[in-house]
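Structure first, commentary second.
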Amino acid sequence: MWPLDPSRKEVLRFAVSCRVLTLMLQALFNAIIPDHHAEAFSPPRLAPSGSVDQLVEGLLSGLSHWDAEHFLFIAEHGYVYEHNFAFFPGFPLALWVGTELLRPLWGLLSLRSCLLISVALFNSLFSVLAAVALHDLGCLVLHCPRQAFYGALLFCLSPANVFLAAGYSEALFALLTFSAMGQLERHRSWTSGLLFALATGVRSNGLVNVGFLVHSQCQGFFSSLMVLSPLRPLLKLMGSVFLSVLALGLPFALFQYYAYTQFCLPGSAHPIPKPLLQLAVDKGYRIAEGNEPPWCSWQLPLVYSYIQDIYWNVGFLRYYELKQVPNFLLAAPVAILVVWATWTYVTTHPWLCLTLGMQRSKNSETQEKPEPGFLSPRVFVYLVHAAGLLLFGGLCMHVQVLTRFLGSSTPIVYWFPAHLLQDQEPLLRSLETVPWKPLAGDSPSGQKVPRNPIMGLLYNWKTCSLVTQCILGYFLTYWLLGLLLHCNFLPWT
């Protein structure tokens, strides 16, 4: 898929090491710290568990908490309850494929154990491939191999690490999104559109990615005006935009239609096991065989909007309450990072931003060489995407999810810290005179710098700049704290 040059090999090695360490630590933390009794979705187990199942549960149950339980439940039973439709089918479908691959073990393991193993294996694979895809994307966009390398290594230490390992859809979404972006940078619009559409089937914010396709098509339109009459390029642009919106909107529309057939059309419901029916009675969950839900009579019957409103209380400024201050503090670092990145970019390229990335300077005849790295003009559309996600998430969502929301959706969260490290860390700057390769052997006197520069900075923590300590401190603290809290049903969602 990607040629394995030395930098990609190091990204791959480091990503695999981080995934293995993550699985080991979640098992350790889950074993030594008792689970908090949280008010979370907890369906009954329908199949008996043997000794091997108990072993799997002991090793991997830390990956099944909070929203992960919904994904596991959907993969095992389908969309039984109305609120299950808050979770898109792409990831449960991947878990179902995993259980089919484990079919030879069905006599030894329960379906639940097979699902947990699928989570551990698939999300490890997805996150490793996402790191390589991010490195590939960085090389294409930044034209600065060092920053692309640093950004991919930082992704391996993502503050959203626990959600890339647990039974959440973030790892698959990041892989599909970064891969789609890379294909678009190679001008493979059809492949990119397919990958973006698949990403929309995994997470709802995949719909926003249509902006990348539209921006690319607008760039082609303005370029063609130089040599063609405007009518033909305009018709082509309108057709391309229509197809892009249709392709990315189709998975969402089909999912909403499936919910409509289950809850709003008589005779469409499937049989539900008695223990799950009893859970619905005990907890007040709505099932398809009950009364018709109010959203069925809406002019545009979208179950997703209804669930976010009624079950999760998601809406404009609804989370702005005094009791939510700790959650705002939890989301503050990633928000500051994106705001800082936006300010840095806009103040460097004001005219580029005013022209929506179409023109680098007021003098259209100027042919200056684009600046490499984070400040490259090609980063503009990625920055707008990140800023838009932050604005929507900060105003309309539960703000504590911003870390995983942004960490799995935008490369800016990794490219801007990589830019800061390269620009403000003396240890890295002193090595930029060396021909490009992952940092090795030759290092300043008294300092250890292995092939992995991020590890080199950690080895020499005391001599690092304040910016470096803040960046790596944030990434590592959230990396570890997320594992410690999330895997024991403590508030880290």
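Every residue, even glycine, has its Cβ placed from backbone N, Cα and C.
According to TrEMBL, the feature transmembrane segment maps to 12-33 (among others). Remote same-chain residues near the transmembrane segment (12-33) are listed as 4, 58-63, 120, 124, 127-128, 131-132, 152-153, 155-157, 161-162, 165-166, 452, 454-455, 480, 483-484, 487-488 (criterion: CB distance under 8 Å, separation of at least six residues from the stretch ends).
The transmembrane segment feature in TrEMBL is assigned to 85-102 (among others).
Counting residues 6+ beyond its ends, the transmembrane segment (114-135) has Cβ neighbours under 8 Å at 1-2, 7-8, 11-12, 14-16, 19-20, 23, 56-57, 60-61, 63-64, 68, 72, 75-76, 94-95, 97-99, 101-102, 105-106, 148-149, 151-152, 155-156, 164-168, 171-172, 174-175, 178-179, 182, 411, 414 in the same chain. The transmembrane segment annotation in TrEMBL covers 114-135 (among others).
Residues annotated as transmembrane segment in TrEMBL: 147-178 (among others). Residues 7, 10-11, 14-15, 18-19, 22-23, 26, 62-69, 71-72, 87-88, 90-91, 94-95, 115-116, 119-120, 122-124, 126-127, 129-139, 195-196, 198-199, 202-203, 206, 209, 333-334, 373-374, 403-404, 407-409, 411, 413-415, 417-419, 421-422, 428, 438, 452-454, 471-472, 474-476, 478-479, 482-483, 486-487, 492 of the same chain lie 6+ residues outside the transmembrane segment (147-178) yet bring a C-beta within less than 8 angstroms of a C-beta in it.
Sequence annotations record features per position, and here TrEMBL assigns transmembrane segment to 190-214 (among others). Proximity of distant same-chain residues to the transmembrane segment (190-214), defined by a Cβ-Cβ separation under 8 Å and at least 6 residues beyond the stretch ends, is recorded for 88-91, 169-170, 172-173, 176-177, 179-181, 183-184, 240-241, 243-245, 247-252, 255, 304, 381, 384-385, 388-389, 405, 408-409.
Annotated transmembrane segment per TrEMBL: 234-255 (among others), in sequence order. Sequence-remote contacts of a segment are chain residues at least 6 beyond its ends whose Cβ falls under 8 Å from one of its Cβ atoms, and for the transmembrane segment (234-255) they are 85, 88-90, 189, 193-194, 196-198, 200-201, 204, 206-207, 209-210, 213-214, 217-218, 220-221, 224, 304.
Annotation source TrEMBL lists transmembrane segment at 328-346 (among others).
The feature transmembrane segment is assigned by TrEMBL to 379-399 (among others).
The transmembrane segment feature in TrEMBL is assigned to 471-492 (among others).
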